[in-house]
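A.B. asks: I'd like to ask you about the structure that follows.
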Amino acid sequence: MNILGIETSCDETSAAVLSDGTVRSNVVSSQRCHTDFGGVVPELASREHERLIVSIVEAAITEANIAKNDLDVIAATAGPGLIGAVMVGLCFAEGMAFALGKPFVPVNHVEAHIFSPFISDEPGHKSPDGDFVSLTVSGGHTLLSVVRQNLDYEVIGRTIDDAAGEAFDKTGKMLGLGYPAGPVIDRLARDGDPKFHRFPRALTSSSQTSKSYRGNFDFSFSGLKTSVRTWLEGHDAEFARQHQTDLAASIQDAIVSVLVEKTIAAALLHKVGAVSVAGGVSANSGLRSAMQAACNKHGLDLFIPKATYSTDNAAMIATMAQLMMARGRYRENSYGVAPFARFKAAGKGTR
C-alpha cells in the first residue's frame with residue numbers, strides 16, 4: 001500500500017510516500033523567509049506553502065519511483081497548527097484524493113509526532129512491546145502522555161504557558177542568537193558550563209512548589225524567560241557576551257532537567273517499560289544525552305526519532321495514517337474535515 005503524506009502545519013512544506021510501512025521518500029522544505037522577523041509570520045507561511053506544495057508533492061512521488069495512480073491513500077495534517085498553513089496542505093490533499101478517487105485520511109499533527117520514533121525506513125526497526133510514556137516537545141507543544149498499544153493515550157501533563165521550544169527560541173533571541181535559536185543554544189551549550197547560573201525549574205521537586213509536585217506533570221517556562229531577561233538587565237553586555245556559551249548551557253540545563261525529571265517520574269508512576277521523545281526539541285543533543293542517561297539508570301527503553309523525523313515532516317503523517325487505518329480509526333469519506341489550531345486529544349481518558 002502506498003500512502004502519500006502531506007504536512008504544512010507551520011513553516012515546513014513536506015510530502016512523503018510510505019510503501020508497505022517503509023518510507024520511500026520524505027521531501028521537506030524549511031521556510032527561511034521568517035528569519036528577519038524573529039519568528040514565524042502566519043501569512044508568509046501560508047503563501048510559501050501555496051508556492052511550494054505542488055513541486056514538493058511531485059518531488060516526493062518521483063523520488064519514491066511511483067506514479068500518482070499508484071497511490072492508495074492520501075493523508076494530510078488537519079491540525080493543530082497555523083490555520084492558514086494547515087488549510088493549504090489539507091485542501092490540496094483533499095482535492096488530490098478526490099481527483100484520483102482515493103481515500104483521504106486527516107491526521108492529528110501532535111499524534112503523528114507521538115508515533116514518529118517508530119517511523120520505519122530500514123529493516124529491524126524496533127517499537128515498544130507495551131505501553132510507554134511519550135514526551136512531545138516542540139516550539140508549539142510540550143505534552144506528556146501515557147500511550148497504549150491500541151493508539152489510545154492519556155495526556156497527563158502539558159505546558160501551562162510557553163512550550164519548551166519557544167523557551168529556547170525566545171531566550172536565545174535575548175542573547176542575540178537570531179531565529180530559530182534552539183539549535184544555536186544546543187551548539188553553544190556544548191562548550192559552556194551548565195552551572196554558571198542556576199535558572200528556575202518551575203513545577204519540579206526542586207522548585208518552591210515542590211509540595212504540590214507529586215502527580216503534577218504540567219510544565220511552565222515563562223518564569224525562565226523572565227529570569228534570563230532579569231539576569232541580562234543586571235549584567236554588563238560585554239560580560240554576557242563573554243559568557244554566551246555558559247549562559248546557553250545554563251538555559252539548556254534548566255529546560256532539559258525539567259523535561260527529563262517529569263518524563264522519568266511519569267514512567268515510574270505508570271509502571272511502563274519505555275519512554276519516547278518526539279518533536280523538534282527531541283533533536284537537542286543535551287536532551288537526548290540526559291534522557292538516555294536517566295533511562296539507563298531506571299532500566300527504561302528509550303525511543304527517539306532520527307533527526308530527520310524530529311522536526312515537522314510528512315513521513316510521520318503517512319505513518320500515522322497507516323496506524324489509524326490498521327487499528328480502525330479511519331472513517332471512510334473523510335472529506336470536508338475542519339482544520340483546527342489547537343491540540344485535540346483523540347485518545348480515551350485524555351484531559
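Glycine too: its Cβ is placed from the backbone N, Cα and C atoms.
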A.B. asks: Which one of Asp129, Asp152, Asp169, Asp193 goes with Thr136, Val137, Ser138, Gly139, Gly140, Gly182, Asp186, Asn284 at the substrate site, as Swiss-Prot has it?
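C.D. replies: The record-listed residue among the candidates is Asp169.
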A.B. asks: Of Thr136, Ser138, Gly182, Asn284, which is closest to Asp312 (Fe cation binding site) if I measure between C-alpha atoms? They're all binding-site residues.
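C.D. replies: Smallest Cα separation from Asp312 (Fe cation binding site) among Thr136, Ser138, Gly182, Asn284: Ser138.
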A.B. asks: Please report how many Å separate the Cα atom of Asn284 (substrate binding site) from that of His113 (Fe cation binding site), as a whole number.
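C.D. replies: Rounded to the nearest whole number, the Cα-Cα distance is 15 Å.
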A.B. asks: What whole-number value in Å do you get for the largest C-alpha pair distance within Thr136, Val137, Ser138, Gly139, Gly140, Asp169, Gly182, Asp186, Asn284, the residues recorded as binding substrate?
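C.D. replies: Looking at Thr136, Val137, Ser138, Gly139, Gly140, Asp169, Gly182, Asp186, Asn284 as a set, their Cα atoms extend up to 18 Å apart.
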A.B. asks: Which residues, sitting 6 or more apart from Gly140 (substrate binding site) on the same chain, put a CB under 8 Å from its CB?
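C.D. replies: Looking at Cβ-Cβ distances below 8 Å from Gly140 (substrate binding site), excluding near sequence neighbours, one finds Cys10, Pro80, Gly81, Ala163, Gly165, Glu166.
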A.B. asks: Would you list, in sequence order, the residues of this chain other than His109, His113, Asp312 that have their CB within 8 A of the centroid of the site's CB atoms, where the site is the one recorded for Fe cation?
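C.D. replies: Not counting the recorded site residues, we get Glu7, Ser9, Thr77, Gly81, Val110, Ala112, Ser116, Ser138, Gly279, Asn313, Met316, Ile317.
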A.B. asks: Secondary structure at Thr136 (substrate binding site) (DSSP, helix/strand/coil)?
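C.D. replies: Where Thr136 (substrate binding site) sits, the three-state DSSP reduction gives strand.
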